[in-house]
Amino acid sequence: MRGLRSPPTLVFRFQTPVSTTVARTTSNYLGETEMGSKGVWSGSSDAHLLGEIERLKLEKEELESRIRLLQAQLKPQGAAGEEQSASCSLSPLSCPPINGTALTGLSLEMIHRYGRHLLLPDFGVEAQLKLSRSSILVVGAGGLGSPVAMYLAACGVGCLGIVDSDIVELNNLHRQIIHTEAYIGQSKVKSAASTCHAINSSIKLVEHREALQVVNALDIVSKYDIVVDATDNLPSRYMISDCCVLLNKPLVSGAALGLEGQLTVYHHNGGPCYRCLFPNPPPAAACQRCSDSGVLGVVPGVIGCLQALEAIKVASDVGEPLSGRMLLFDALSSRIRTVKIRGRSPLCPICGENATFTREVFQSFDYENFTQSPMSDKSSNSLDLLPESSRISSKEYNKIVNNGEPHILVDVRPAHHFKIAAMPNSINIPLSILETNLSTIDSALKQADQDSGRCADLYVVCRRGNDSQRAVDFLSKNGFPMAKDIVGGLQSWARDVDHSFPTY
Amino acid sequence: MHLTLEFGGGLELLCGSVKTHSVDVKSEPGEHELKMRDLLSWTKSNLIKERPEMFMKGNTVRPGVLVLINDCDWELCGGLDTELEEKDVVVFISTLHGG
Ligand SMILES: [Zn+2]
C-alpha cells in the first residue's frame, strides 16, 4: 500500500469532474431512487430512468470504495485510540488530522462521519473542530456515565477518559447500558472503553481503572479540559467539585435516584461550585442510594444524555451551558423544570474570594468523614446498636425454625420490599409504622403462646440488618424486652442458610 | 394566602409521599405579610408527618435542601426574609447523589 501513497491524490483529482457530474445527476434522482426502492416506480414505463439509476448506483459504489481506500491511508493520524497511554494531552497535531482538508481543518473521514453536525448552522465546522480538540473526563461508568461516554465517543471528542474502579454486575445492567452481559465480573472501565471504541475507533480513549480519590484526582483531572461527574455518592461529589475548582475545570454534574434527576454545570462562566450551593453536607440519613432506594434505569439515562449535551456545549462553546441554573427532572409527571440558582459565593471556602483551599489541603481532606458517608454506592456503614444478647445469627435462627421453637418473625422492610420475597410465616410491619402497630405484635405473640403452650420468642428481620436493629432497640424499650434481630438480615439468610432465597 | 408547595428529591416521603400541596396559609394575627420563615414553621407543623429533622435544622431547612420560590433559588430573593405573595409556588427539593 505504501507505493500507492502519492498516486491516489492524482487519481482523486482526475476523478473530480466525474464526481461533480454524478453529484448533479443524482441530486435530480436521489429522491426517486429511494421511492423506487419502496415500489412507487414499479410499473413505470420509463425504463431509461431505471437504467440510469442503476448505472449511477454502481458509479457511486465505486466512488465510495475509492474514498474508503483513501481514508484508510489517512488512518495512521486518526487512530490515536490505539495508544494506551494514560495521558490525554492533545498536541494540536495529534488528534484532529489537520492534513485532511486544509480548508476546514477536518479530515475527509471526519467530514464524512460528523457530516450531520456540520450541517447544523449553530454547530458546524468550528464547533466540531473545538470538540475534536477537547478532552473530557467521565467520572463513573454507571447509569449516568453510560450514555455520557457513548455520546461523547460518538460525537467525536478528541480524547475521552473514563475513571471507575467497579466491576460490571448483572443487577446494574438495567441502567448501565454501555455494558453487556459478556463483561460481567470485568472492569467497568474496560467494558465502557470497548463499547466506545466499537462506536468510534478514531478518538483517543484513556482507561483509568481506579477509584478517583484525593491521592490521584489532581493528577488525573489535570489532563482534561472538562469533567463530567457521573458518580453515585456524596463524598465523591464534593471531592470532584473541589478538585475542579483547584484546577479551574468546568464540571458537568448529574444525579439520579428513583424517578428523579438533577443536572447543572458548576464552576463555569462565574457560576457556583458545589460548595457554594451546598456548603454543609446533608445528614447521612438523608443520603439515599440507588442500591437502597432503587432507580428506574432510564432516569439516569435521561440525565446522562443531558450531561453529554452540556459537556458538548461547553467543549464546543455553543449555546448557553446550564451554569447558574439547575434542571430538575421528574419522570412520574414527565416534567422538566429549569430553575435559577445562586451564583458563585464570595464567601465560598473553596472558590470564594478569600478561599485558602490549596492542593495540599485537598490531598489530605477526608471527604468520607466530612460527609459521614462512604465513597461507594455499595458499602454501607453497618450499624452496631444492640448488645450481643439481643442478636442472633441467621444460622442460629434456622435451628430455632427446625426445632419448632415457638416464635414470631417480624419483617420491618417497606411493604414493596416484602412483595419481592419474604421468609415463610413472617409478618410485615414496616419500621416507619412500627410504633403504631405494637398491638399486632402483641396479639401475634399471644396467639403463638396459646398454640404452643409455651412462651414464644420475638425475632426481627430486614434486608441488611440495620433497620432490624433500630426496630429491636425500639421494641425493647416499649414492652418487648425479648426482641432479637437477625444479624445481616435477609442477605445473610440467603448467603448462609437458604441459597435459593432471592437477593436484590 | 393561597400557595402551592412542592416537595421533591425524596422530601415528599416526609409528607405522605404527596409531592404537590395546594394550601391556604394565614399570616400571624396583626402581621400583614407572610415570610419564608413563617412558611417553614407552618409547613413543619402542618405538612411534615415524620422525621422533621430531615426537613429543618434550627430555624431553616436542613443542609442539602434547595428552596425555590417561583423557580428561583431563595438565596437570590432574600432567604428566610423573603415575603411571599398570593399564588407563589415554593419548591423544597433534596439534592440527589445517586447515579
Ligand atoms: Zn464555591
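Cβ from N, Cα, C; glycine included.
Among the ranges A:46-73, A:270-297, A:438-465, the one that TrEMBL lists as coiled coil is A:46-73. TrEMBL names A:D164, A:N171, A:N172, A:L173, A:H174, A:R175, A:K188, A:D232, A:N233 as ATP ligands; from the candidate set A:G124, A:G143, A:G258, A:G261, the record adds A:G143 to that same site.
Note on proximity: of the recorded positions A:N171, A:C276, A:C462, the one nearest A:C290 (active site, glycyl thioester intermediate) is A:N171, by Cα distance.
In sequence order, the recorded positions from A:G143, A:N171, A:D232, A:C290, A:C348, A:C351 that place a Cβ under 8 angstroms from a chain B Cβ are A:G143, A:D232, A:C290. Checking the recorded positions A:D232, A:C273, A:C276, A:C462 against ligand 1 with a 6 Å cutoff on the Cβ atom leaves A:C273, A:C276, in sequence order. The separation of A:D232 (ATP binding site) from A:C351 (Zn(2+) binding site), Cα to Cα, is 23 Å.
Rounded to a whole value, the Cα-Cα separation of A:N171 (ATP binding site) and A:C462 (active site, cysteine persulfide intermediate) is 20 Å. Taken as a whole, the domain 'Rhodanese' (A:403-502) shows an average pLDDT of 95 in this prediction.
If you compare Cα positions, A:C462 (active site, cysteine persulfide intermediate) sits closest to A:D232 out of the binding-site residues A:R175, A:D232, A:C348.
For the domain 'Rhodanese' (A:403-502), residue counts in helix, strand and coil come to 43 helix, 16 strand, 41 coil, using DSSP.
In this structure, the C-alpha atom of A:R175 (ATP binding site) lies 28 angstrom from that of A:C273 (Zn(2+) binding site).
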